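Annotated S-adenosyl-L-methionine binding site per TrEMBL: Glu76, Gly77, Leu78, Arg218, Asn238, His239, in sequence order. Look at TrEMBL and you will find Arg218, Arg222, Asp235, His250, Tyr283, Tyr296 tagged as substrate binding site. Marked as domain 'SET' by TrEMBL: 60-284.
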Amino acid sequence: MASVFSSSFLCPLKTTKLRIKLQTLQSSQKPFLINSLQLRELDPKIPQPVQTFWKWLCDEGVVSIKTPVKPGIVAEGLGLVANRDISKGETVLGVPKRFWINTDTVAESEIGNVCTGLEPWISLALFLLREKWKDDSKWKYYMAVLPESTDSTIYWSEEELSEIQGTQLLSTTLSVKEYVQSEFQKLEEQVILGNKQLFPFPITLDDFFWAFGILRSRAFSRGGIQNLMLVPFADLANHSVKVTTEDHIHEIGGPAGLFSWDLLFSFQSPLKLKAGDQFLIQYGLNKSNADMAIGYGFIEPNSARDAFTLTLEISKTDYFNGDKLDIAESNGLGETADFDIKLGQSLPPSLFPYLRLVALGGTDNFLIESISGNAVWNLLELPVSRANEELICKVVRDLCRSALSGYHTTIEEDEKLMKEGNLSSRLQIAVGVRAGEKKVLQQLDGIFRERELELDELEYYQERRLKDLDFVGEPK
């Protein structure tokens, strides 16, 4: 989600004498930089590891007297707080590339050779575990401020997971946990056990889940999972529903110390802030509350994030499976298609055409036999026949009723719990997600119930075709 810009670099000085003078000047200036920052000491309530981490950032020149944000105690626990008024769009921090933890960092480390060929996130997870273990790690002050866990559902107990019984969040959580466990077993066999000199410490499945959770909740991505990176200091920024854009993250060329330039990971403030306000960003406009729960360990009260994913499939036993698949693929879909249904929002535009395609059968199959693929899809955007439309209504309503029967509470019971309050953070997530899913399912069922009542009033393909041929219509 970051935008990449070309950077400018100053050429290194070639005169040894000048280089020595510059080094002397740098060392004489650093205490001044630190002393200036000490004029704005952190809140004493902030844990000591964070205080030490902040001093490390000061010593390394990652932050300066001009940096308008610093760590502070906020409602979420720890976040970034404005030292002064900040304008909307103003740059609030810039972390030099040498302080990014990405696959390049791993490749240049002692474990780089054994990580060749691994999935990017797995190599990063292994790097985190090794650096956390090393007493002399360059990253030890950063490792010290990383949380041991979050409220992500991947860390929930069996009892806590029982609170999301029947939800898609539960099935996704279990699938993710199974995947991580499988990847750990392969990693242990192929890399860890055969390289004890690099990993002379025990690495457990729980350790691997810790690293996975850190990456899931704190890593930034430049164009997909292949470009994951952790950015110390920047990852202290919390999420807010008030931020409605995702264009506040940039990579730019800029000063990375007193006399050096580097590629910087930069934040621009998406909001106008007063001194003392928290600097906030947007973690993802299209993420559902279930995505937020599994990724970050919290949800929004915003009902727009309540969602349910409807999964449809062209039957493998369908005589016209190949033809239907060609039509689907020519319109960006496949043999299986997922449709995110969101509370209070219109249905995805391709849902009805795909439903009608899947349900196409009997005498309606002539559409496939006699009309080209793209033309068929255009026709599927409107009702094909009463039988076809009735079938898609039945399929969706049966799915909604089946899904709703899997929850162990009603919406009314969930809303009562939320109104009474005093819920733990994890129970609040569970109640919010399961209530949201049920509301979406009820909404979807209601849409197709209304559709069933309109079946006799709809205009179908044959009637439209006859009108086009001018065989039916108003008397002249």
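For all residues, glycine too, the Cβ spot is worked out from N, Cα and C.
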Seminar exercise, completed: Largest C-alpha distance in Å for the substrate site residues Arg218, Arg222, Asp235, His250, Tyr283, Tyr296, as a whole number, is 22
Problem set entry | By Cα-Cα distance, the member of binding-site residues Asp235, His250, Tyr283, Tyr296 nearest Arg218 (S-adenosyl-L-methionine binding site) | Asp235
For this session: For the recorded S-adenosyl-L-methionine site, enumerate neighbouring residues of the same chain (Cβ within 8 Å of the Cβ centroid of Glu76, Gly77, Leu78, Arg218, Asn238, His239, site residues themselves excluded), in sequence order.
Result: Val74, Gly79, Leu236, Ala237
Problem set entry | Cα proximity to Asp235 (substrate binding site), best match among binding-site residues Glu76, Gly77, Leu78 | Leu78
Seminar exercise, completed: As a whole number of Å, the Cα atom of Gly77 (S-adenosyl-L-methionine binding site) is distant from the Cα atom of Tyr283 (substrate binding site) by 17
Seminar exercise, completed: Taking only the CA atoms, the spacing between Tyr296 (substrate binding site) and His239 (S-adenosyl-L-methionine binding site), expressed in whole angstrom, is 10
Exercise. Of all the Cα pairs drawn from Glu76, Gly77, Leu78, Arg218, Asn238, His239, the residues the record ties to S-adenosyl-L-methionine, which distance is largest, in Å?
Worked result: 15
Exercise. Roughly how many angstrom lie between the C-alpha atoms of Tyr283 (substrate binding site) and Glu76 (S-adenosyl-L-methionine binding site)?
Worked result: 15
Problem set entry | Sequence-distant neighbours of Glu76 (S-adenosyl-L-methionine binding site) in its chain (C-beta under 8 A, six or more apart) | Asn238
Exercise. Rounded to the nearest angstrom, how far is the Cα of Arg222 (substrate binding site) from the Cα of His239 (S-adenosyl-L-methionine binding site)?
Worked result: 18
Seminar exercise, completed: For His250 (substrate binding site) and Leu78 (S-adenosyl-L-methionine binding site), the CA-to-CA distance in whole Å is 23
Exercise. C-alpha of Arg222 (substrate binding site) to C-alpha of Leu78 (S-adenosyl-L-methionine binding site): distance in Å?
Worked result: 25
Problem set entry | Number of Cβ atoms other than its own within 10 Å, given for His239 (S-adenosyl-L-methionine binding site) | 18
